[in-house]
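Student: One structure coming up, written as structure tokens, with questions to follow.
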Amino acid sequence: MENETFGTELPDTWVGRIDGDNPEHALWYTTVSPLPEPDEVEEGVVTLGFASDEGNLRNHGTAGAALGPDAIRGVLGLVAVHDARPRYDAGTIRVGGDLERGHDELSDAVETIARAGHLPIVLGGGHEAGFGSHRGIYRARGSSPAIINLDAHLDLRAAERPTNGTPFRQVRELVGEEFRYSVLGVSVPNNTDFLFNAAREFGTEVTTDDEINAMSPQEAADHALALVRDAEHIHLTVDIDVLSEALAPGTGSPAAVGVELGRIRAICTGLAATGRLTLVDVVEVNPRLDHNNQTARVAARLIHEIAEAHLKAT
């Protein structure tokens, strides 16, 4: 595993164009900065790559999500920026076959970023990122943030080794009774009774894809906000397979139905606008399965809107 975090140069997958030197020409590509010393710069948002296929492979899935962080950066760089708040990139953790070490590196990086007052935005990579990132914020904050998981799957599997299906069972084992977990967009046919029983045992709030799709975007956002109304801090984790395969084909476990994008956008920006986000993951983007970077573009749009709303609120 090659650690490429907290360097003095940006990853070379940040690409774009330069239309001019004035702020009115700003793009992510022209505004994002490397982050060698997180505690010596103005507070902002920090993208951090977690290039991991190992969780998918252990779960008998398809490789390719390790390419997700670079694919997301490649399209996020072209997105226009309409504020002067700082955006940083802390590099990429490249996992290889040692997921446990990857989790350690991710937890350490997230803790460092959060202690310096920034919002970490983890780019995946498999959803195994959710455990490593949450453990890092748990250490930084001294408590476990409420988790909102936008996902077709409950991710509460029991397994001998961590996979992309076990992250939130691992979080439950870590934080115990502090565990506060809500999953929105669940596909009932893609989760066994064992998983639903685990969700009930752990007090998980479950909202299905059909239930979210029956709401307006504003109702969906209000529903998510109600779940964390009294939470001081929020961990928003977005598995791109919460969306329909027609919109997000580049993922290892695509959804036949999925949640309509407008509702996911409303939930993400509604949560970000509270100013209480403490951690964000956007995961399971697999460029090998994508069409013309379609899924990476959707992920980049969500990341941009989350960052913009959070920076405006803080």
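Glycine is treated like the rest: Cβ placed from N, Cα and C.
Below, the features straight out of Swiss-Prot:
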| type | residues | note |
| --- | --- | --- |
| BINDING | His127, Asp151, Asp155, Asp239 | Mn(2+) 1 binding site |
| BINDING | Asp151, His153, Asp239, Asp241 | Mn(2+) 2 binding site |
Student: Within 8 Å of the Cβ centre of Asp151, His153, Asp239, Asp241, which other residues of the chain have their Cβ, at the recorded Mn(2+) 2 site?
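Tutor: These residues sit around the Mn(2+) 2 site: His127, Asn149, Leu150, Ala152, Asp155, Gly185, Ile240, Val242, Ser253, Ala255, Glu284.
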Student: By CA-CA distance, flag whichever of His127, Asp151, Asp155 among the binding-site residues is nearest to Asp241 (Mn(2+) 2 binding site).
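Tutor: With Cα distances computed to Asp241 (Mn(2+) 2 binding site), the winner among His127, Asp151, Asp155 is Asp151.
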Student: Are there any residues at least 6 positions away along the chain from Asp155 (Mn(2+) 1 binding site) with a Cβ closer than 8 Å to its Cβ? List them or say none.
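Tutor: Result: His127, Gly130, Asn149, Asn164, Gly165, Thr166, Pro167, Phe168, Arg169, Val183, Asp239.
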Student: Among all protein chains shown, how many Cβ atoms are found within 10 Å of the Cβ of His153 (Mn(2+) 2 binding site), not counting that one?
Tutor: 23
Student: Please report the DSSP secondary structure of Asp241 (Mn(2+) 2 binding site), reduced to three states.
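Tutor: In the DSSP reduction, Asp241 (Mn(2+) 2 binding site) maps to helix.
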Student: Near Asp151 (Mn(2+) 1 binding site), which residues of its chain come within a Cβ-Cβ distance under 8 Å, counting only those 6 or more away in sequence?
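Tutor: Spatial neighbours, sequence-distant, of Asp151 (Mn(2+) 1 binding site): His127, Val183, Leu184, Gly185, Val186, Thr237, Val238, Asp239, Asp241, Val242.
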Student: Whose Cβ, among the binding-site residues His127, Asp239, Asp241, has more other Cβ atoms within 10 Å than any of the rest?
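Tutor: Comparing the binding-site residues His127, Asp239, Asp241, the most crowded Cβ belongs to His127.
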Student: An 8 Å radius from the center of the His127, Asp151, Asp155, Asp239 Cβ atoms defines the neighbourhood of the Mn(2+) 1 site; name the other residues of that chain inside it, in order.
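Tutor: Going along the sequence, the neighbours come out as Gly130, Asn149, Ala152, His153, Asn164, Pro167, Phe168, Thr237, Asp241, Val242, Val283, Glu284.
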